[in-house]
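*Asks:* Once you've had a glance at the structure underneath, I'll fire off some questions.
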Amino acid sequence: MWRRAGQRDLLRRGAGTLNSILQRGQIASGGSHCALYGNHTSQRRASPSHRALKPLHGACTPSIRHVCSSQDPQTSQSGLRGKSQLDATPESSVALQLFSTLGLTTFSPDDLRAAFDRLDATQSGVVSASALRAALRARAQTATNESKLEHEVEEMSALLMRRALESGGANELTYEQFRHSVTVMAEARDSRIWPIAMTMLVAGVAVGITTPVMPLLVRSLGLGEAQYGAVVSAFGAAKLLSNVPSAVLVDRYGRRTSMTAGLCVISLSTLALSFAGSVETLLCARAMTGVGVSALLAGATNSVADISTPLNRARMMAPMTVAFSSGTVLGPAIGGGLAGVGGIPFTFSTVAGLFFANAVSTRLLTSETKPAHQHPPRGTSATASSTATATPPADAATAKAAEDQPRGSATQASPQKHADAGGGIYSALVQTVRQWRPLLRSSEMRGVLGLNAAYWFALSGTQMTLLPLMLADADRFSLTPAQIGGLFAFQSAVSVAGAAPSAWLADKVGPGRVLAPAMCTSASAIAIFPFAETVPQAVAVLLLWSIGGTLLGSAPTAHASNIVGMQNRAQALALMRTAGDVGLLSGASVVGAAATLIGSEAAMQTTASFLLCSAASYVLLRR
């Protein structure tokens, strides 16, 4: 009887301890159960008081999210103290940090096996909880202090073991459990994409509002075709020249700052359009818009690349693309109504206010996704960071050593560190351009850059230049501006509807494998369009054209992100935007000049042939 009374007393004291922990918020709420993991040795060494508490831990309520790190009381209590001192990190962020710490890049079977072997120090085929924490602690180098390091290791190990237990595993991690758990986490969509998508939706609406109003402004200023062409070129040239500074901005000050700054610049430039009374003012305003768009896209694309993996990158890019396309579908109707009610200045002022409100909401609602190892600790010597190099390893042995280095180590220097070492924006720009050289040595990177430039060359030359003129031609279709706008809205609607299936396909087979088929589909539509004689035939061809563009979607950007390391991702995306802008600038002038010489139909079919040849060259280059 005395022994039973003593056990009841221990249970009551244990329950009181657990309740006090819960009341102090040391165990985060929101999970479904409390998973116990640890090796059997630690269970045998557990103290009597801890064994008395075991039934209480096993009966954790659904409000408890904490995953017990061990059945050793001291380890368990230290983990709880860490939770009380630091805020809980979103699971998606913990997963991405885990992937980075493990050195996962491609998530291929070989990549996953190598990561598991790095955890399995004894090569026994299983990893215990204590061994997992020790391996992660040895590789995790991003924390600025010991308590934060312990907190990060605890979160990563708890997440991985909990996922393994949910898949039917035991208290030890096998390779199959590791592979399944990591794959499931890598394929899941990060919820931080939705505020970014909302930013792009509002930006798309604002751009769509200006679409029907800009021709009215040009007409009111009495500009000719050559002058309006200069206005369009001012936007493209400014965007092209801003890609490198934007890449520096996004690595130096962060993704959210780049998006916010870009939206503010676009807001000011749009406000200037409401006061435009000369071609010079219009040129300056459109050039400012190009600068802002470059910063906005740099921040948005890098944010999505940061929070995605090769297994879900196309699907992560899709919401951003769909949101902007949806906005451009909704915007023209709103713009026409605003112009009819308040006139041109009122419409542009409203759009400027919309962009500014979008900047404020972006600053407040979006998360900074810049990887932790690109945030050097305060007081860190710039000289130390300057010794790091982003040059690829020279041989296989060096490459393997670099692969085994913890993420965030000096061998994986970021552009941010180079910028800090140089001490100025100019040196950062020079370093950025230098970092393009190793990227351009990759035949795969050159191939996707060339394909992106060819696509935008064809798009600007045919869809942006020849297509509106051919649709409005009195001898062919004789469509009104409203009808032409409706056809473009139809194409945008097709893009919105097909974005999710296209992204799923790109993630399933790999974005690099959908590039050539998508380009061939678009090229076929471009080649067929001159043979369309009626509006229904034209609509059918435009549908095929839209399907090709939708299949392409964000695949080039996703593929470029996949074939470079994290430290070079911002520069790779800047290269992609630069290649696209070169095609955008040259396509309209070259194809337009060709149409003047040989006719619109022949120019369009010649462009289609160029696109087909580009796709074929890319396929041959990949072999």
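If you go along the chain as it appears here, the first residue is 1 and each next one adds 1.
For all residues, glycine too, the Cβ spot is worked out from N, Cα and C.
Any TrEMBL annotation is an automated prediction that lacks curation.
Feature annotation from TrEMBL assigns compositional bias 'Polar residues' to 68-79. If you look up TrEMBL, you'll see 380-400 marked as compositional bias 'Low complexity'. Look at TrEMBL and you will find 107-142 tagged as domain 'EF-hand'. Taken from TrEMBL, the feature domain 'Major facilitator superfamily (MFS) profile' covers 192-623. Taken from TrEMBL, the feature region 'Disordered' applies to 67-87, 368-420. Taken from TrEMBL, the feature transmembrane segment covers 193-214, 226-249, 261-279, 341-360, 447-472, 484-505, 514-532, 538-558, 579-598.
Give me the local environment of each listed feature.
*Replies:* Across the domain 'EF-hand' (107-142), mean pLDDT in this model comes to 86.
Residues of the same chain lying 6 or more positions beyond the ends of the transmembrane segment (447-472) and with a Cβ under 8 Å from any Cβ of it are 440, 478-479, 481, 483-484, 487, 512, 515, 519, 522-523, 526, 529, 538, 545, 549, 552, 556, 559-560, 563, 575-576, 579-588, 590-592, 595, 600, 603-604, 607-608, 610-611, 614-615, 617-618, 621-622.
If you look at the transmembrane segment (484-505), the same-chain residues 6 or more away from its ends with a CB under 8 A from one of its CBs are 211-212, 314-315, 317-318, 321-322, 325-326, 328-329, 332, 468, 471-472, 514, 538-539, 542-543, 545-547, 549-551, 553-555.
Tertiary proximity for the transmembrane segment (514-532) is limited to same-chain residues at least six positions away from its ends with a CB under 8 Å from its CB atoms, namely 448, 451, 454-455, 458, 462, 467, 470, 502, 505-506, 538, 540-542, 544-545, 547-549, 551-553, 555-556, 559, 600-601, 604-605, 607-609, 611-612, 614-616, 618-619.
Among residues of the same chain six or more beyond the transmembrane segment (538-558), those with a C-beta under 8 A of the stretch's C-beta atoms are 301, 305, 308, 313-314, 317-318, 320-321, 448, 451-452, 455, 459, 463, 471, 477, 487, 490-491, 494-495, 498-499, 502-503, 505-506, 511-512, 514-515, 517-526, 528-529, 532, 573, 576.
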*Asks:* Mind checking which residues reach the transmembrane segment (193-214)? Cβ under 8 Å, same chain, six or more beyond either end.
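*Replies:* Long-range Cβ neighbours of the transmembrane segment (193-214): 259, 263, 266, 270, 273, 296, 300, 303-304, 307, 316, 319-332, 334-336, 338-339, 344, 347-348, 350-351, 354-355, 357-358, 361-362, 365-367, 481, 485.
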*Asks:* Residues sitting near the transmembrane segment (341-360): Cβ under 8 Å, six or more positions beyond its termini, same chain?
*Replies:* 199, 202-203, 205-206, 209-210, 213, 216-217, 220, 260, 263-264, 266-268, 270-271, 273-275, 335
*Asks:* Looking only at the domain 'EF-hand' (107-142), how are its residues distributed among DSSP helix, strand and coil?
*Replies:* 22 helix, 2 strand, 12 coil
